[in-house]
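Read through the structure below, which is laid out as structure tokens, and then see the notes.
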Amino acid sequence: METIFAQSSAFGKAGVAVFRISGPKSLEVLQLLTGRKDFKPRLMYYQQIISPETNELIDNAMVVYFKLPNSFTGEDVVEIHTHGSKAISIMLINTLLNIDDIRLAEAGEFTKRAFLNNKFDLTAAEGIADLINAETIMQHRQAVRQANGGLEELYNNWRNQLLKIIALLEAYLDFPDEDIPDSILNDVNNTHKNIVNEISNYLNDNRRGELLNNGLKLAIIGPPNTGKSSLLNFLMQRNIAIVSNIAGTTRDIIEGHLDIGGYPIILQDTAGIRAESTDIIEREGIKRAINSAKTANIKIIMFDAEKLDLSINNDIIDLIDENTIVIINKIDLIEPSQIFPIEKKYKCLRVSVKNNIALSSILKNIENIAENIAGFTETPYITNQRHRHYLKQALSHLMAFNLDNDLVLATEDMRMTARCIGLITGVINVEEILNEIFKNFCIGK
């Protein structure tokens with residue numbers, strides 16, 4: 001196995017930069033850079049880092065040696081903690097590149113080696129990637145659970161039950177003359193039925209985990225000049241949308257990313273929806289607004305309190321569902337006692353975006369809907385499409401399983417089911433899958 005290295009911290013100015021070396025020559029490289037031979041594992045040392053070629057001092061650093069298998073990768077590992085200077089990073093990287101039998105690591109190669117050395121399964125490796133990319137508290141919680149074996153335990157439980165079924169069926173095939181109690185086949189059928197139900201229910205999760213990973217789309221829609229762009233600017237705490245009294249100012253979808261209550265929200269301000277527009281570009285914007293609303297996880301429908309009765313049309317009303325927040329804006333311009341017909345049918349929030357009236361209620365409603373859609377629960381959810389793909393394949397093999405037909409075919413269905421789940425956890429190793437997963441890591445991880 002080659003020895004690899006990379007800067008694990010971000011390149012640039014910082015208090016500390018961390019370099020990681022992994023492989024059989026790690027300790028030898030550390031000894032070469034420091035001129036010191038006696039390094040005890042897991043102890044930090046304050047050492048000068050010197051170029052072996054020029055004898056030039058690169059930096060005074062803290063270094064530590066991890067002896068295999070007690071390291072992240074399961075190999076001999078060295079970490080060098082220097083000052084976070086671009087010049088130091090460049091000098092140390094060039095120095096390491098000039099040492100024989102050591103090369104720059106590929107993206108995700110340290111984590112890939114840890115997986116190959118059985119430090120964790122493939123779902124945990126993906127959890128580490130999600131943890132690195134997590135931007136909100138809820139994404140962090142989901143990633144931590146997965147990185148610490150939450151999904152591995154679930155999938156391995158199913159696979160172990162399947163392996164027991166396979167063992168029983170193979171024994172039945174290998175010793176056909178032996179009397180095998182009917183109770184064993186009944187147990188096989190019952191276990192099969194339970195796994196079918198569990199995987200079916202697990203797949204029927206409305207993609208909660210994937211939505212939490214990728215972000216929930218929130219579309220702000222409504223008639224022109226109701227304050228949609230002003231609301232977007234308020235939520236983003238900066239002006240990313242043009243605000244104007246001229247109808248049709250927003251013609252395309254404007255997008256921003258936000259953390260509301262720990263949930264990743266992708267905000268979309270859309271063109272005002274009105275039936276009478278003759279402008280070709282505006283009509284295309286209206287079409288996109290409606291399509292955006294139809295695919296959104298959360299919708300905010302805004303109306304102008306002064307023009308509410310005139311602005312309601314079926315294109316807008318038809319979009320209202322349980323994940324919709326109906327807002328009546330500009331309430332400072334009407335009498336508080338005024339009640340609109342739409343308020344009798346739907347729960348509406350009365351706000352004034354311009355004067356910052358009741359805007360906190362919008363944030364709370366968004367958070368409540370996001371929690372209902374993708375809230376963190378005790379049961380770990382499917383977090384990416386790869387898992388869903390193989391679970392669907394596993395379920396199709398389970399549905400084909402039938403002990404009343406050919407027992408050989410039934411056994412093969414069980415093998416294929418176990419294989420699909422093994423592909424998720426990495427028990428069954430396919431190089432193409434590994435390359436696809438680990439290429440999404442940053443270099444140094």
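Any Cβ shown, glycine's included, is placed from N, Cα and C.
Annotation comment: Swiss-Prot describes Arg20, Glu79, Lys119, Lys445 as (6S)-5-formyl-5,6,7,8-tetrahydrofolate binding site. According to Swiss-Prot, the K(+) binding site annotation covers Asn225, Ser244, Ile246, Thr249, on the basis of sequence analysis. Sequence annotations record features per position, and here Swiss-Prot assigns GTP binding site to 225-230, 244-250, 269-272. The Mg(2+) binding site annotation in Swiss-Prot covers Ser229, Thr250. The feature domain 'TrmE-type G' is assigned by Swiss-Prot to 215-371.
Shown here: features listed in Swiss-Prot, placed on the structure.
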residue : record                                              : DSSP (3 states)
Arg20   : (6S)-5-formyl-5,6,7,8-tetrahydrofolate binding site : strand
Glu79   : (6S)-5-formyl-5,6,7,8-tetrahydrofolate binding site : strand
Lys119  : (6S)-5-formyl-5,6,7,8-tetrahydrofolate binding site : coil
Asn225  : K(+) binding site                                   : coil
Ala271  : GTP binding site                                    : coil
Check your understanding: To the nearest whole angstrom, what is the C-alpha distance linking Asn225 (K(+) binding site) and Lys119 ((6S)-5-formyl-5,6,7,8-tetrahydrofolate binding site)?
Key -> 57
Review point. Within 10 Å of the Cβ of Lys228 (GTP binding site), how many other Cβ atoms can be counted across all chains shown?
Key: 31
Review point. Taking the Cβ of Ala271 (GTP binding site) as the centre, how many other Cβ atoms fall within a 10 Å radius?
Key: 27
Point to revise | Nonlocal neighbours by CB distance (under 8 Å) for Lys119 ((6S)-5-formyl-5,6,7,8-tetrahydrofolate binding site), same chain, sequence gap 6 or more | key: Phe72, Thr73, Gly74
Check your understanding: Between Ser229 (Mg(2+) binding site) and Glu79 ((6S)-5-formyl-5,6,7,8-tetrahydrofolate binding site), what is the CA-CA distance rounded to a whole number of Å?
Key -> 49
Study note, to complete from the structure: Cβ proximity for Glu79 ((6S)-5-formyl-5,6,7,8-tetrahydrofolate binding site), under 8 A, sequence spacing 6+, ordered by residue number, returns Ser8, Val18, Phe19, Arg20, Ile21, Val63, Val64, Phe66
Revision key, fill the gap. CB neighbours within 10 A of Asn225 (K(+) binding site), counting all protein chains shown, number 24
